[in-house]
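Features reported for this protein in TrEMBL:
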COMPBIAS  1-21  compositional bias 'Polar residues'
DOMAIN    48-498  domain 'Major facilitator superfamily (MFS) profile'
REGION    1-24  region 'Disordered'
TRANSMEM  120-141  transmembrane segment
TRANSMEM  153-174  transmembrane segment
TRANSMEM  180-199  transmembrane segment
TRANSMEM  211-229  transmembrane segment
TRANSMEM  241-260  transmembrane segment
TRANSMEM  324-344  transmembrane segment
TRANSMEM  356-378  transmembrane segment
TRANSMEM  385-403  transmembrane segment
TRANSMEM  418-437  transmembrane segment
TRANSMEM  449-466  transmembrane segment
TRANSMEM  472-493  transmembrane segment
Amino acid sequence: MADSTPLLSQSNSAESQSTTPPLEKYHPSLDSTIERCIGVFGWAQFFQTLLVNLAWLFDAQQTFISVFTDAYPTWHCTTHQHGCNSVSNICYLPKNSWAWDWPSYTSIISEWKLECSSSIITGLPASSFFMGCLVGGFVLATLADSSLGRKNMIFLSCLTMSLSSLLTVFSTNIWVYSALRLICGFSRATIGTSALVLTAELVGKRWRGQVGVMGFFCFTIGFLSLPAIAYLNRGSSWRSLYLWTSIPGIFYSMLVHFFVRESPRWLFVHGRKEEAVATLKSIATPSHSSCLTWSFSEVSFQEERWNNGNVFSTIKMLVQKRWAFRRLIPVLVIGFGIGMVYYGMPLGLGNLSFNLYLSVTLNALSEIPASLITMLLIGELNRKFSVLALTTLSGIFSIMSALKGEVWTRLQIGLEPVSFFSCCTALNILLIFTIELFPTCVRNSATSLVRQAVVFGGVFGPMLVAEERRDGVSSYGVFGWVIGCCGLFAVFLPETKGGALCDTMDEEERKEKAICNGEGDLLA
């Protein structure tokens with residue numbers, strides 16, 4: 001057994017003396033030991049992180065697909081009798097005096113004759129999706145930390161999401177459609193979280209931010225693909241959008257099952273050292289093959305005993321540990337504010353005075369510079385200040401987008417993308433910030449809770465947008481105030497730039513105490 005897994009074998013003291021930095025002689029840790037093996041970014045790691053991050057692409061498509069499938073179609077008057085004109089309410093016009101510009105099957109509104117239904121009915125599918133995300137986030141949040149692991153969570157979530165999306169093609173009414181959107185939202189709730197955490201744990205700390213941003217790029221590509229697919233299928237049934245986005249997702253799930261490796265950190269935390277060693281062997285660069293003789297048996301590390309069959313024990317730990325709770329509350333509040341803008345703005349684009357395809361494309365394109373800036377500058381960015389500044393900027397421009405008048409209306413096409421860009425960048429940094437704030441044993445759960453806070457903020461988006469259509473209440477004004485106020489909570493968080501990732505709650509607690517005692521630089 002020792003020959004097949006040399007990482008677990010005893011290394012001679014002379015070799016350990018020659019390869020161990022002075023500080024690690026006294027404080028050897030799992031983080032520093034794994035860093036020796038995968039600290040250099042190689043092609044195997046690139047392939048793994050790219051394959052994992054593709055999950056974001058399909059996640060984005062299902063998240064924003066309702067912008068087109070549930071859109072309120074344009075119409076025209078077939079006669080100018082009965083007072084029909086471009087500003088008329090079609091609910092008060094005879095049916096033979098107006099007609100849809102496109103065939104009725106291009107949107108669920110026209111196909112199921114929902115044009116005069118209440119905003120609760122027409123907004124039900126989008127709200128059901130976000131409610132599914134919320135429930136799925138809480139129910140599934142800890143499975144990636146406890147029993148399933150990161151890889152299996154991504155595989156099962158992507159497969160279930162894609163299958164439910166495929167079944168949506170056969171919906172016969174708004175109720176069946178909403179139920180399937182609920183299942184889709186429930187299934188995709190932890191995809192982004194598991195992908196983000198898994199990629200961060202497959203590379204050294206120097207590359208954590210960069211591989212995380214790769215996922216944001218894939219999400220942007222998925223978002224950007226929607227207006228392209230919708231434009232190419234304009235005039236076709238709304239069902240074709242679900243067909244074109246669900247089938248590739250099913251094939252991708254198979255690739256994850258057969259080719260993606262599990263997180264070595266998660267395997268070590270759960271006592272599966274043999275599998276962890278095999279994973280490290282498969283992704284380590286040839287130049288770092290010397291780490292295969294490093295002894296993990298002497299690493300200062302203890303398995304967490306929280307996995308007692310209760311998958312919610314990780315959330316219990318986050319609440320019971322005062323230092324963890326003090327970190328969790330601010331990131332949840334910030335996530336809520338960001339989510340209201342991130343999900344609400346695309347849904348509200350139909351209320352602005354420019355083309356829907358163009359505006360969605362501009363929003364999707366604004367995520368590209370957001371991801372680029374995060375990727376290039378994440379190593380230099382102060383997390384606290386960046387989140388605070390970007391949420392404030394997003395709030396200011398969102399409020400400016402809500403101002404009335406001919407001049408402000410013309411400026412909306414520039415103000416709204418700037419606000420969305422700032423929000424996207426803030427979200428990217430917040431997620432990386434969260435990964436660095438919590439140890440391996442609860443990292444996926446904490447990150448998932450933050451993403452659910454983002455989704456919870458998004459739940460209010462359809463309501464505010466529908467309210468604006470009916471009563472003229474400015475949704476963008478509300479978005480701006482909420483994200484600006486929530487972003488202020490960043491001042492309560494510790495800075496994590498350049499710090500090491502801890503693996504257990506005790507290790508993180510010791511680090512917290514050491515920082516308070518002025519020893520943080522030694523342990524970091």
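Quick reminder: no glycine exception, Cβ is built from N, Cα and C everywhere.
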Should the transmembrane segment (211-229) and the transmembrane segment (418-437) be scored as in contact, given a threshold of at least 3 Cβ pairs under 8 Å and pairs 6 or more apart?
yes
The transmembrane segment (472-493) versus listed stretches 120-141, 180-199, 385-403: most Cβ pairs under 8 Å:
385-403
Near the transmembrane segment (449-466), which residues from the same chain, at least 6 beyond its ends, have a CB less than 8 A from one of its CBs?
119, 122-123, 126-127, 130-131, 133-134, 137-138, 141, 189-190, 192-193, 315, 318, 328, 331-345, 347-348, 350-351, 427, 430-431, 434, 473, 475, 478-479, 482
I need to check the long-range neighbours of the transmembrane segment (241-260): which residues 6 or more away from its ends have a CB within less than 8 Å of a CB in the stretch?
48, 51-52, 54-55, 58, 61-62, 65, 68-69, 151, 154-155, 158-159, 161-163, 165-166, 168-169, 198, 226, 229-230, 233
Check the domain 'Major facilitator superfamily (MFS) profile' (48-498) for me and report the mean pLDDT.
83
